[in-house]
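So that you can see what the record holds, here are the features copied from TrEMBL:
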BINDING   His61, His63, Lys148, Asp313  Zn(2+) 1 binding site
BINDING   Lys148, His184, His240  Zn(2+) 2 binding site
DOMAIN    53-432  domain 'Amidohydrolase-related'
MOD_RES   Lys148  N6-carboxylysine
Amino acid sequence: MSGYDKIIRNGLIVSEDGIRKSDIGIRDRTIAEIADGIVGTAAEEINAEGLHILPGLIDTHVHFNEPGRGEWEGLETGSQSLAAGGVTTFFDMPLNSTPPTTTPAAFDLKKNAADRKSIIDYRLWGGMVPENLDELEELHKRGVIGFKAFMSNSGIEDFGYSEDVTLFQGMQQIARMGSILAVHAESNLITQQLSDHMKQNGRLNVRDYCDSRPVLSEMEAVSRILAYADAAKCRLHIVHASSCEVVSLISDAKKRGIDVTVETCPHYLSLTVSDFEELGPIAKCAPPLRDQEHVESLWNLVKLGEVDIIGSDHSPSPLHFKKGKGIFEAWGGISGAQSTLNVLLEEGYWKRGVPLEKIIKTACVNPAKRFGLDKTKGSISIGKDADLAIIDLKQSFTLKESDLRYRHKYSPYVGRTFRGKVLLTISNGNIVFGEKKAANEALS
Ligand SMILES: NC(=O)NC(NC(N)=O)C(=O)[O-]
Ligand SMILES: [Zn+2]
Ligand SMILES: [Zn+2]
């Protein structure tokens with residue numbers, strides 16, 4: 001049938017089942033046809049010969065800080081950065097914006113801002129804190145993608161951590177609503193006591209910070225929240241697991257029938273404590289970076305399909321919250337949202353032979369399925385939203401500060417060389433990053 005808005009010709013379309021060369025016809029924001037040699041006309045044709053086409057990535061974990069702390073990132077720069085990295089949908093975390101998304105009014109405020117400023121699709125996480133259990137239902141009705149709670153200090157005063165009773169009661173409610181709880185799972189007791197101990201003993205360097213948040217502290221919190229999830233029959237998602245031990249704990253729970261998924265982040269798959277020592281506070285995050293052995297075993301679990309989702313946990317701040325501060329005082333959070341796909345391609349596909357099919361499972365297919373967006377997103381299929389990332393696997397580049405679309409142009413990945421370049425990102429049929437010319441030029 002003729003009359004498309006766009007036809008993308010001869011790209012290598014990546015799905016979880018394999019890669020095949022085909023044309024894609026886009027009409028009314030939607031993928032209307034996938035076939036060899038589509039006959040028909042289009043307002044615009046894109047030649048993707050030799051290029052790979054991935055479903056637009058879904059980043060389940062970003063902190064864009066708006067409203068209230070837009071100077072830390074903001075929905076405009078944040079969404080532009082994602083588009084530059086091949087991401088077409090993001091889920092914004094409820095904290096680090098002011099007010100945090102813990103009330104229906106705060107949800108409305110953020111939604112208004114995001115509708116005006118985001119250049120790609122988005123959903124909002126609702127926050128679960130000790131004070132708002134009676135707001136969860138209303139937040140759910142407003143359409144939050146799920147709820148997020150902290151088991152340890154969040155680093156932000158207006159987003160308290162949840163102790164056990166709040167967690168369990170909240171989970172019972174979330175289970176009744178059929179929603180899902182995402183948890184930052186580190187033990188508050190362990191992290192608090194160990195960091196007090198370090199500070200009292202003048203142990204203030206990068207390794208001391210990492211030792212104050214050991215893997216054991218994640219394991220303890222994860223074990224506890226898994227027990228509550230089981231008892232409350234609440235769907236659970238563990239965010240930013242830093243190590244293979246944590247992922248394995250979750251794999252075991254899945255075998256026992258607990259409805260749980262696990263996310264890790266590109267930084268746990270590409271950076272180590274030694275990098276942190278070199279880079280300083282811009283590589284500070286919680287849970288902290290681990291060592292090379294952990295990086296390798298996490299990759300193995302990605303290969304085995306035990307890591308469900310890879311999200312960026314982009315949590316930026318102005319540089320002065322990082323630089324010139326002691327490591328314990330510096331803002332914890334890594335700026336990385338633009339580089340997720342680059343890290344997965346360089347560290348996964350190129351260095352460790354992780355197939356593209358596996359990569360898109362963790363970054364596109366599984367996020368869509370787990371959070372109920374798979375009718376419209378997560379794969380390149382007829383009838384779904386035309387959300388696509390066109391990449392040239394063979395082009396490499398060294399990331400420069402000036403490439404970054406973030407409000408604050410720093411990232412632990414600056415200076416790294418990545419094989420695999422995003423040339424065009426298409427969201428709902430519209431180009432949101434790159435130029436058509438660039439895709440064609442890549443061929444010559
Ligand atoms: N307040 C934060 O944004 N914290 C975030 N910071 C990290 N992960 O270092 C997080 O997701 O916990
Ligand atoms: Zn967290
Ligand atoms: Zn986070």
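Count begins at 1; order follows the chain as displayed.
Cβ from N, Cα, C; glycine included.
TrEMBL entries are annotated by machine, without manual review.
Overlay of TrEMBL annotations on the structure.
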{"residue": "His61", "record": "Zn(2+) 1 binding site", "contacts (Cβ under 8 Å, 6+ apart)": "Phe91, Met93, Val239, His240, Glu263, Cys265, Gly311, Ser312, Asp313, His314"}
{"residue": "His63", "record": "Zn(2+) 1 binding site", "contacts (Cβ under 8 Å, 6+ apart)": "Glu73, Asp92, Met93, Leu95, Asn96, Ser97, Asp313, His314, Ser315, Pro316, Gly333"}
{"residue": "Lys148", "record": "Zn(2+) 1 binding site", "contacts (Cβ under 8 Å, 6+ apart)": "Met93, Pro94, Leu95, Trp125, Gly126, Gly127, Met128, Leu181, Ala182, Val183, His184, Val239"}
Model confidence over the domain 'Amidohydrolase-related' (53-432), as mean pLDDT, sits at 98
So if I draw a 10 Å sphere around the Cβ of His184 (Zn(2+) 2 binding site), how many other Cβ atoms end up inside it? 23
For Zn(2+) 2, what surrounds Lys148, His184, His240 with a Cβ no more than 8 Å from their Cβ centroid? His61, Met93, Phe150, Ala182, Val183, Ala185, Ile238, Val239, Asp313
Other than His61, His63, Lys148, Asp313, the chain contributes near Zn(2+) 1 (Cβ within 8 Å of their centroid) the residues Thr60, Val62, Phe91, Met93, Trp125, Val239, His240, Gly311, His314, Ser315
As a check: which entries in His61, His63, Lys148, His184, the binding-site residues, place their Cβ less than 6 Å from an atom of ligand 2? His184
